[in-house]
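*Asks:* After the structure tokens below, expect a handful of questions from me.
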Amino acid sequence: MSSKQQAVRARPSAGWALLGSELSVLFRRWRTWAMLAALAAIPVLIALAVRLSSRDPGPGQGPPFLDRVTQNGLFIALTATVVSIPLFLPLTISVVAGDAIAGEANLGTLRYLLAAPAGRIRLLAVKYAAAVAFCITAALTVVTAGMLIGVALFPVGPVTLLSGDTISVGESVLRLLLIAGYVSLSLAGLAAIGLFISTLTEVPVGAMAATAVLAVVAQILGALPQLDWLHPWLFTHHWVGFADLLRQPISWDAFAANALLQGGYIALFCTLAYGRFASKDVLS
Amino acid sequence: MARTWKRWLPAAVVPAVIAGGALIGTVQAGAATELPDKTPQQLLELLAGSDVRTLSGTLEQTSALGLPQLPTDGPDQSGMSGAAAALDLLTGSHTARVYLDGKEQARVQVLDRLAERDIIRNGRDVWFYSSKQNEAVHMTLPERSGAKEHDKYDGEYTPERLASHFLEAVEPGTEVTVAEDVRVAGRDAYQLVLDPDSAETLVDSVSLAVDAETGLPLSVEVQARGQEEPAFELAFTELSLEAPDAGLFDFTPPAGATVTEHAVPDRSGRHADRGERQGPDAAQRDARHHDAKHRDGKVEKTGEGWDTVVELSATSLPEGWAESPAMAQALRKVDGGQLLSTALVNVLLTDDGRVFAGSVTVERLQAAAEGR
């Protein structure tokens, strides 16, 4: 009650100040950097493995796009994205989103945050915005690390799309950034789920693990043909749909469907998180 | 207490809104529209008079043929043999984009997961490209038989081809009716229903949505006897009748791709291929086309209309196809041979090496095998 009145009285810039401090806390933690470094290591490892092995991967062998890498280094970014989408990216998002509220509660800093003129809605919004910022950073890290290592180790030239057409290097960099945007969007839904789970507990590890497990379970359900009625409702359903951005002409269908799906998940789990967080007694 | 309750309110409203939205979506999709009435005859004329030559659209295909479903998300589909690829087209769901500009330019893109298969025709050049294998096949069509080749290579995935095939079967043995109007891909359409009178065919009914404005077939749906969901469905989900970007038909194989020059099949080969293409199973035909294999082989027909049974010599089939694991799984032992049974087509491989196929019951195939 009192927090609500304070929130109303607070200056409008208080939210931005809080977001700024939240982001600086997030990106000054060594854990965040360690996770980003691990993500950047994925394309580097793939590139080194391909570079150092004497045998070129044949067509259709290994993860998608791997056979193109020796001809064009930019494909490293695509291979790395495909490889990290099922587990590595969701894992890091789970850590950040699961830690959002539960981490503060665990450290005993949550009530101080609420005592400051912030308000619970604003705090929740800031926490979610920080998690989304991390989603974007994580996706960009994989894609840019892939592009850089690809340029360093392999020849770079016009990129062959799935349709067999060829586009210039400039346009392919643009499409890779679009793919990073698509992946960030996909992860934003998971971040909302993580935020909600984070309000349920004061044990951050529990929230992180539960979020990561949910991401894996959703993907397993998505692979079972017997459950195909459920598939369009799974938040992981469009995760690999970014391939549509590699067709000529670009197909925006998957992007639109993914945005709608993730929007639904974000709306549902952010309101659930609000319901839980606004009505719970903060004791720590 | 009331306060606490209110804070959960948004969380209750969101699913309600989503459910409402989903409900409105399905109601709109199935909404019937009212068009001036037409007789089947008028509708067939509208269909035959269709002169749509430019379009770009998205096609959605689903099959429920009762074949064992192959996992589509498997880690390795690269080594897929011809037979497995055929089964994949028969069992799975597919999305394809179609671009047409005149009789001479066409492009079909089958959108796979993280991959794509393209067929591009530009004048006399026909290209086939598969992104998974990164290989391209090129064919140059002979100049004179343009119309026939158009019929063969163009719009393999458009309802137009499938429709004309079924219309050939319109005969005294079929009841043709006009069902209530539908909306397909955002366009008003008439619905033509073909109902076979024969008791021996597996086809229950075939419905065809015909665009009210242009007469272009917008969807084809084949119902099989004793099955609730359509056995085969092919429909536009998006359609624009404007000419697509000309650059789309301009295909150069990408650097690094394996390019194969394929000779255009001679006349006899084409003839056999035609024969094999009997039976309303377009997907199978498509898979054969995809292989771009043309074989010699004798084809004999027995029966008429829906009850047609086709006999193929075993040599007309790809070697070792019955031994492939996917086929072995689908085959079942019956009297006189092995049966590949689907909702729409039965194929009988007799013990003495002959192959009988048709959209008919097993008994009918066995009777044909025993000497008609």
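Keep in mind that glycine also has a Cβ here, set from the backbone N, Cα and C atoms.
All TrEMBL annotations are machine predictions without curation.
Straight from TrEMBL, here's the annotation block:
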type	residues	note
TRANSMEM	A:33-54	transmembrane segment
TRANSMEM	A:74-102	transmembrane segment
TRANSMEM	A:123-156	transmembrane segment
TRANSMEM	A:176-198	transmembrane segment
TRANSMEM	A:205-224	transmembrane segment
TRANSMEM	A:255-275	transmembrane segment
*Asks:* Before we move on, state whether the transmembrane segment (A:255-275) and the transmembrane segment (A:123-156) share at least 3 Cβ pairs under 8 Å, counting only pairs 6 or more apart in sequence.
*Replies:* yes
*Asks:* State the residues, same chain only, that lie 6 or more residues beyond the ends of the transmembrane segment (A:176-198) and have a CB under 8 A from a CB inside it; answer 'none' if no residue qualifies.
*Replies:* 74, 77-78, 81, 85, 89-90, 93-94, 96-103, 124, 127-128, 131-132, 134-136, 138-140, 142-143, 147, 204, 207-208, 210-211, 214-215, 235-236, 238-239, 241-242, 245-246, 254-255, 258-259, 261-262, 265-266, 268-270, 272-273, 276
*Asks:* Tell me whether the transmembrane segment (A:33-54) sits in contact with the transmembrane segment (A:123-156), defined here as at least 3 Cβ pairs under 8 Å among residues 6 or more apart in sequence.
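*Replies:* Touching, yes - the transmembrane segment (A:33-54) and the transmembrane segment (A:123-156) meet the threshold of 3 or more Cβ pairs under 8 Å.
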*Asks:* If we skip the immediate neighbours and take only residues 6+ beyond the ends of the transmembrane segment (A:123-156), which ones have a Cβ under 8 Å from one of its Cβ atoms?
*Replies:* 15, 18-19, 22-23, 26-27, 32, 35-36, 39-40, 42-44, 47-48, 51, 69-81, 84, 89, 92-93, 96-97, 100-101, 113-114, 169, 173, 176-177, 179-181, 183-184, 187-188, 191-192, 194-195, 199, 270, 273-274, 277
